Amino acid sequence: MAPITLPGYGDIEPLSPAAEALVKSEDPEHPANLIPELCREFYKLGWVTGTGGGISMRQGPLVYLAPSGVQKERILPEHMFVLPFAQSSVPKPGSKRDFVRVPSKKGLSESQCTPLFWNAFTQRDAQSCIHTHSQHAVMLTLLLGKGAKSFRISHQEMIKGVRLGGVGKTLAYFNTLEVPIIENTAREEDLTESMAEAMTTYPDAAAILVRRHGVYVWGPTWESAKTQAECLDYLFEIAVKMLLAGMPLEGDN
Ligand SMILES: [Zn+2]
């Protein structure tokens, strides 16, 4: 493989010792250490059980991805995939991706969410994107019904933890939160275009719900992506309870 030139890193030969060094750090906040730790936490929340869901992070010119189809609570730093953010082609379904580092363990493949994470990176300049299969997100899309294009809720304190577009100013208590809903597809990667379209149609949306599947949430930092994922999950859960109690989601009733 040809060396990849990375601003601040110089030329890195894929699969070389220099590429291996990208996943070794004593810093607990290094993406190679944080991704496994956060996946363990998300596993306990029921967000990434059954090998689905995950988190990606950018660091300078690099993107760190967890592997696909693995025990999410047992991921190690050496299982990380590292990609240059600048890809030779858009990482859409079926396209080849450029890698700086791939894990040597057999049977690991990059996250199937890769092009969806890229939507958040390119359209919102997000630095981190989280995908969960939370039952609160799924149940909410079911209760809202097949024709629902978005989820709207107002007059909830936790709305204040969500940012305009996921990366702008935080919403105020009196703002209405709106999250678009897209239809699920047979393969994760096939959601790429409908997610991108929904992000364009709803420029203020901080997340995308996928009916019968889960949610994609992003942020300008990993901390912000995590906080917003928590606030949104709280709002999805309370909305489910409100709908089951026959209460409207909007208004100060
Ligand atoms: Zn998924």
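The backbone N, Cα and C atoms fix where each Cβ goes, glycine too.
Summarising the annotation, TrEMBL assigns domain 'Class II aldolase/adducin N-terminal' to 33-240.
Within the same chain, residues at least 6 positions away in sequence whose Cβ sits under 8 Å from that of C113 (substrate binding site) are G53, G54, S56, S68, C129, H131, E188, Y216. Under the DSSP three-state reduction, C113 (substrate binding site) is assigned to coil, being neither helix nor strand. Positions annotated as substrate binding site by TrEMBL: C113.
TrEMBL lists H131, H133, H213 with the feature Zn(2+) binding site. Every protein chain considered, the tally of other Cβ atoms within 10 Å of the Cβ of H131 (Zn(2+) binding site) stands at 30.
What TrEMBL lists as active site, proton donor/acceptor is E157. In this view, E157 (active site, proton donor/acceptor) is surrounded by 10 other Cβ atoms within 10 Å of its Cβ, with every protein chain counted.
Annotated Zn(2+) site H131, H133, H213; additional same-chain residues within 8 Å of its Cβ mean position, judged by their own Cβ, are G52, G53, T132, S134, A137, V138, V210, G214, V215, Y216. Rounded to the nearest whole angstrom, the C-alpha distance between E157 (active site, proton donor/acceptor) and H213 (Zn(2+) binding site) is 26.
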